[in-house]
Amino acid sequence: MTEVTREVFGRLPQEEGGGTVEKFTLKSDSVRAEILSLGCILAALETKGRDGAFADVVLGFDSLEGYTRKHPFFGAVVGRVANRIAKGRFILDGQEYQLALNNGPNSLHGGAKGFDKVLWSPEVVPSGVRFFRVSPDGEEGYPGELKVWVTYTLRGGELAINYRAQSSRTTPVSLTNHAYFNLAGQGSKDIYDHEISIEADSYLPVDDTKIPTGEVAAVQGTAFDLRAPVQLGRHLQRFHLDGFDHNFCLQPGSARRLAARARHPASGRSLEVHTTQPGLQFYTGNNLDGSLEGKGSATYPKHSAFCLETQSWPDAVNKPHFPETLLRPGEEYNHSTWLLFAAA
């Protein structure tokens, strides 16, 4: 049985729109998750190690104030379109749309005020919580009124996230959760001793602004071949990499499938990511710099966490040969991701 409780986490200042932010705690025998109604943020995720002790394995803040300041999307649901859109621009039905540029020359994770920065309407459901919001026509430059539902459910060691959306006009949609994981426990200095594997035969090379070049490249014989587990620190050294921030192309199809595994040998904690999405952005916290004070006064230096963001391929709205991200009136966007935690 999953226990679901709710409490007030804080109140947004008037300049942020005001409103009460609630925290929902989902608790099973092996996992405890805390989710906020601001940005559907996964604020804490406690899992057991082989010694039976719980540790919080996601980065974040102790108070609402941390989440209302600038931060790198810790734990949030991002959208309307996750990842980058080149020059914040796309053409639909002959009309050009211009989005906010919030990542160099590009638009990132929905723009200046994406889904991560707004208050959602919550509803407790069996074993979890569902959040709802209406993104108005023209919000952040996107066409169409978009109704969005995000549902978190916890059953045993499995946390499921379901994303649904309906639009009044054709619009690109790609939603994901941007949790930063460290299976040794948040606040641990790095992720170099983690073992990582990703179920992908190909990946997307990017230009110097992290926009895919359009090539779909085979991982075979490259630093991006993570089909067998690698120890992350050794792998980065071997290939002289500053880190990963790339989309891995998952097996095509809409069925649930394994996307990635992460394991921390010292604690025995492991994470499996399953999804119905076509892509997985693997990011190793390259831009963390220790300047943010997180939970328990922890600092988060470079490579102190990793992200496994299940999503559509970046800049797909501008690349016709990529899996399509357009949602049309009368259709439904419906994707799920499952996080499975274990200890051995």
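Quick reminder: no glycine exception, Cβ is built from N, Cα and C everywhere.
According to TrEMBL:
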type     : residues                                     : note
BINDING  : Asn83, Arg84, His178, Ala179, Tyr180, Asp245 : beta-D-galactose binding site
ACT_SITE : His178                                       : active site, proton donor
ACT_SITE : Glu309                                       : active site, proton acceptor
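If you take the C-beta of Arg84 (beta-D-galactose binding site) and look for same-chain residues 6 or more apart in sequence within under 8 angstroms, you find Asn103, Asn106, Ser107, Leu108, Thr209, Lys210, Ile211, Pro314, Asp315. Of all residue pairs in Asn83, Arg84, His178, Ala179, Tyr180, Asp245, the annotated binders of beta-D-galactose, the farthest apart have Cα atoms separated by 18 Å.
His178 (beta-D-galactose binding site) is surrounded by 23 other CB atoms, counting those within 10 A of its CB over all protein chains shown. Cα-Cα distance from Ala179 (beta-D-galactose binding site) to Glu309 (active site, proton acceptor): 8 Å (rounded to the nearest whole number). Comparing CA positions across the binding-site residues Asn83, His178, Tyr180, Asp245, the one lying closest to Glu309 (active site, proton acceptor) turns out to be His178. Neighbour count (other Cβ atoms within 10 Å of the Cβ, all protein chains): 23 for Glu309 (active site, proton acceptor).
For the binding-site residues Asn83, Ala179, counting C-beta atoms within 10 A of each C-beta gives the highest total at Asn83.
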